[in-house]
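Lifted from TrEMBL, the feature list:
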| type | residues | note |
| --- | --- | --- |
| BINDING | CYS420, CYS424, CYS447, HIS453, HIS456, CYS459, CYS479, HIS482 | Zn(2+) binding site |
| DOMAIN | 415-492 | domain 'Recombination activating protein 2 PHD' |
Amino acid sequence: MSLQMVSIVSNSSLLQPGFSLLNFDGHVFFFGQKGWPKRSCPTGVFLLDIKQNELKMKPAFFSKDSCYLPPLRYPALCTLRRDARADEYQYIIHGGKTPNNDLSDKIYFMSLVSKTNKKMTFQCIEKDLGGDVPEARYGHTINVVHSRGKSMSVLFGGRSYTPLAQRTTEKWNSVVDCLPSVFLIDFEFGCCTSYILPELQDGLSFHVSIARDDTIYILGGHSLQNNTRSPNLYKLKIDLPLGSPAVTCTILPGGISVSSAIVTQISDTEFVLVGGYHSDNQKRLVCNTIVLEDNKIEIVESVSPEWTPDIKHCRTWFGCDMGKGSVLLGIPGANKQLIPDANYFYILRCKGAEENKEEELITQICSQTSSEDPGDSTPFEDSEEFCFSAEANSFDIDDADTYNEDDEEDESETGYWITCCASCNIDINTWVPFYSTELNKPAMILCSSGAGHWVHAQCMDLSETMLLRLSEANVKYFCNKHVDLNKGLQTPQKVMCLKKQPMKPLRKKKTMKLSMSTKKSFLRRLFE
């Protein structure tokens, strides 16, 4: 094993506990940032570019027919294929925490729809389920099993908030273990079925699950009810005949009492177990090799790497599988660095360089390696891990698209839940969508007065037609407070006067003066 340090070039504050990594065609994508996405990357999904031990983040894109995927922390995710050996796959994402610390019970399918040299476009679809739908949770696992030509997803474990009827003021946001039920999800028909097995007595979270064909092995995990880490090794076998599925559970010897451990695959039948905790304050520095052969599992202790002094002496550590026998490990560095919430990162390679080649991974791994935030109300139980589940490669992509957090405005000023005006009535606890374009955030529009500020469209009494027109047109908008001021500051438009041609004066008629003798002569001739 070899251990090598990597540096985060920028945006290290986005790499906070609870996010996940998705691997599409060898490219690794970051998902699940802490806080709502900002304008530089509204999707909240980033491409992780690792070159020469440096990591950069670049915004990703979604197709127009995609649903909105919120940044979920601590979700359960795995890959779904048509069969165990299919090349094309998509990710299943279930549960997790939203930036508002609400728990999600939704399930999403995320797939790659187009790929170019500089742009990869995803599609996200929300699936509706019926039957015994799992409650909202986090810290659980989901796997896909294949039996008799059929495929089903298996969901187990996790934590959820205390039911409303049991909450008290002092422990309003406290969490509890979910019931140890096993959920079988048939996505073809959109139905769920729960199973209660006598071998599973206590709820588990932040455990490791490895799926192979029709069998799932569950190792370790933490139970809040009795504050223990289970030493049991559970074997779930799912048979999918033409009729009802059959689910059985067997407790095997040779388990490990650990939580928040990380598993990476080094061959078709071999895995390496790294990290985790023996107890709340004791890290597990021992590594194990897991071998799956002939429907059997064997766990043996393997050679551990030479851990650095920083890793040995830190209280917590975190990380997850990067694929192809590599693990990304991190230790908190907030007390040592000038940047708040910054961390040190290492890449642990469990295979030799000559073995690090392309290979098809038939076995699926779902390792949930995370726990609570420092800001959560629950006490610290496990490490604050990231959820890495993909391989990090070098990408020959233009650095011009690299996300730069310094370009963002302060979220406290441009957040969606600010008090935009004196009559603002947008409350994060009571808000419901008003416009058809809203999902989980209120629509906002920029007022161009002065340096500019954001206001809620609903507080400005904008109709949906006007809001769409303003978003499409390249015009400046002024809120109700500054619209009159803006009008007063406007310079009146200069009116072009028409040039009038001067009128010519009337000429006076010339009159002839006649003498008296001439007049008499004229009258004489007139009467003759």
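Keep in mind that glycine also has a Cβ here, set from the backbone N, Cα and C atoms.
Within 10 Å of the C-beta of CYS479 (Zn(2+) binding site) there are 20 other C-beta atoms, taking all protein chains into account. Across all of the domain 'Recombination activating protein 2 PHD' (415-492), the predicted model scores a mean pLDDT of 77. As a summary of secondary structure, the domain 'Recombination activating protein 2 PHD' (415-492) carries 16 helix, 8 strand, 54 coil according to DSSP. Least packed by the Cβ count within 10 Å, out of the binding-site residues CYS420, CYS424, CYS447, is CYS424. Taking the mean position of the Cβ atoms of CYS420, CYS424, CYS447, HIS453, HIS456, CYS459, CYS479, HIS482 as the Zn(2+) site, the remaining residues of that chain whose Cβ falls within 8 Å of it are CYS421, ILE445, TRP454, VAL455, MET460, ASN480, LYS481. Ranking the binding-site residues HIS453, HIS456, HIS482 by the number of CB atoms within 10 A of their own CB puts HIS456 at the top. Take the CB of CYS459 (Zn(2+) binding site) and look out to 10 A: across all protein chains shown you find 19 other CB atoms.
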